[in-house]
Amino acid sequence: MKIAIAGATGRMGKMLIEAVLNTSDAQLVGALEHTSCPQLGEDAGSFLGKKTGVQISSDVAAVLANAEFLIDFTRPEGTMAHLAMAEKTGTKMIIGTTGLSADQITNLKKASSKLAIVFAPNMSVGVNATFKLLEIAAKMLNQGYDIEIIEAHHRHKVDAPSGTALKMGEVIADALGERLDDVAVYAREGHTGERKEGSIGFATIRGGDIVGDHTVLFAGDGERIEISHKSSSRQSYAQGSLRAARFLQTQSSGLYDMQDVLGLRK
Ligand SMILES: NC(=O)c1ccc[n+]([C@@H]2O[C@H](COP(=O)([O-])OP(=O)(O)OC[C@H]3O[C@@H](n4cnc5c(N)ncnc54)[C@H](O)[C@@H]3O)[C@@H](O)[C@H]2O)c1
Ligand SMILES: O=C(O)C1=N[C@H](C(=O)O)CCC1
């Protein structure tokens, strides 16, 4: 698999470069960064003390012309710019960027009529298994349990709630026959009044180097059930992304997520 990495100097970009270099069926063919990145022109493996022969570049057209796959963990505006070029070059995309707007997701859907894309807020196997556990729990605890989603991430994270927390909310709302937009409560402050029955609350913690923790609390009378996932390394996201690339080898178009990649779709 000829793979280019976008956001090559970021937390995920570096993890992905290392994973590609250590994977026998993958070859690093490009490393993208935005035009003001100080490391442009450096070898993409220099942070590992390795020479890969791939320079960090901001030339999206040139990098994508040479790549079968682009793994993109950047920012929504970067991902959209890369997508526009990938549509021209036919480079399949694995997108982990979170915080996309509804319009940006509509653009992804349009592009996927001709381009194969995996787009998922969390590439780890464990989180995607947790989505299934939440679906089962929500169906079993659909009366008398208040649902709250608590997520914690490092101090550098720029979007909230996390894409994973929002997806957990969607999975639960869907299992309960609701639309997340109708039942979500994203913030509480001041005199909020009593909790609205059937709402799904979100709470966000940001601090230190927390890789990513998610807990869904089902709070009933006299008991609480918690379903938690905790990431201790970004490796699980990188390995999931490589699984997504392998999955896309046999797809010529369509928008997929990790449930498709892992064969978990019902
Ligand atoms: N889906 C998942 O499994 C998963 C896992 C971890 C992180 N993420 C998401 O991935 C994204 C990146 O996370 P991170 O911790 O690596 O962030 P980061 O800030 O460490 O890295 C982002 C990289 O993108 C680059 N970038 C920023 N804006 C750009 C633009 N407009 N064009 C091109 N490049 C641009 C930055 O220079 C940087 O190298 C976030 O949205 C995060 O929520 C998703
Ligand atoms: O570190 C981040 O940023 C993460 N973002 C994803 C999200 O928003 O859910 C996945 C977990 C890590």
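Cβ atoms here come from the backbone N, Cα and C positions, even for glycine.
Caution: TrEMBL annotation is automatic and unverified by curators.
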Per TrEMBL, member of E33, E68, E148, E151 binding NAD(+) alongside G7, A8, T9, G10, R11, M12, G96, T97, T98, A120, P121, N122, M123: E33
Tally of DSSP helical, extended and coil residues in the domain 'Dihydrodipicolinate reductase C-terminal' (126-262): 50 helix, 36 strand, 51 coil
Collapsed DSSP category at T97 (NAD(+) binding site): coil
Secondary structure content, the domain 'Dihydrodipicolinate reductase N-terminal' (1-123) (per DSSP, counts of residues): 44 helix, 27 strand, 52 coil
Tertiary neighbours of T164 ((S)-2,3,4,5-tetrahydrodipicolinate binding site) (same chain, Cβ under 8 Å, six or more apart): T98, P121, N122, V127, E151, G212, H214
Alpha-carbon spacing, H153 (active site, proton donor/acceptor) to R11 (NAD(+) binding site), which is rounded to whole Å: 13
Any further residue of that chain within 8 Å (Cβ to the Cβ centroid of H154, G163, T164) of the recorded (S)-2,3,4,5-tetrahydrodipicolinate site: T98, P121, N122, E151, H153, K157, D159, S162, A165, G212
